[in-house]
Structure formats: C-alpha cells, structure tokens
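Pulled from Swiss-Prot:
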BINDING   M35, R77, L115, E156  substrate binding site
Amino acid sequence: MSHPALTQLRALRYFTEIPALEPQLLDWLLLEDSMTKRFEQQGKTVSVTMIREGFVEQNEIPEELPLLPKESRYWLREILLCADGEPWLAGRTVVPVSTLSGPELALQKLGKTPLGRYLFTSSTLTRDFIEIGRDAGLWGRRSRLRLSGKPLLLTELFLPASPLY
C-alpha cells in the first residue's frame, strides 16, 4: 500500500544550503523540536495513519542509502500525521537494523504513536543535520537523527492543509 503524499515525499529535491525564505517558513522547516508537539500547540489532536511498516532491503531506500550505514535490512515506517483527522504531514523513517538494539527496539513497536513522542523524550537524541527540500510547491525536510549515537533518517513532507502554508 502506498499513498500519493509519500510518492511526492520521495520526489523532494534538497537545497545544498538553507534557502532565503520567510522567517515563518524557516521556523517550521528548521524546527529542532517535535513536529507532533508543534501541531498540538496549534490546538489540534494529533493522530497517526499508518501507511507502511516493516523491514526492507537497500533497493527500497535509494534516496536514503547514501546517508545511512550500508546494511542488509532497514526498518521502514511511512505514515500520515494528522491534526483533528486531517493529514498535515507525510513521514518516512528509515532505521538501519543495527540501530534496533537496546531501548531503540521500541522504534519497531510505535504503532500509531507519533515518532516525536518517542524521540523527543530520549536524553540520547542528537541531530546531525536538517536539509530543506521542495517538490511541486510543497516543502519538506529530512534529518539524520541519532539515538545513543545510532542513526536513523526522518523525511517529512508538509501537506497543503498544514499551517506551514
């Protein structure tokens, strides 16, 4: 099962430098905190619609592969993050199998829990970078995060209903 928003997410083209954009737009795109929390601050009830979750091989993550360790399998999670039932963000998380050890095994068991609720409660979370991308008028971003030094890649596409626009 796929979703058109995830197809567009995978089509994002990334800027080599942070573009000169309106401050409000950059505030959303460069947010270091949880996007789930930001949506809730808008007075919304946040929920997850699961699109796809499970192990994949390298050939299913060509966009992410250069940014992650080369391994035989990766945990892939594709979701829509909804605010009061309306999709505001498409998310794609790729986790190398070597990251899935110790407390990070919980990444496989999030179910309908937003990723941000898990990540941003961890004292071991760090971020290597945020890259801004755009496709067909929609903005997105990707970040390589680390939990206890172990990497994962999160890509987010802001959908037309989101307050970023």
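Backbone N, Cα and C define each Cβ position, glycine as well.
From a predicted model like this one, the values you see are computed outputs, not experimental measurements.
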Chain-mates of M35, R77, L115, E156 with C-beta within 8 Å of site centroid, substrate: T36, I79, L81, L89, G91, R92, T93, P114, G116, L154
Helix, strand or coil at E156 (substrate binding site) [DSSP, three-state]: strand
Collapsed DSSP category at R77 (substrate binding site): strand
Extent of the substrate binding site in Å [max Cα distance among M35, R77, L115, E156]: 16
List of residues, in chain order, with Cβ under 8 A from that of E156 (substrate binding site) and at least 6 apart: L9, M35, L89, A90, G91, R92, G140, R141, R142
Packing count at R77 (substrate binding site) (other Cβ atoms within 10 Å of its Cβ): 22
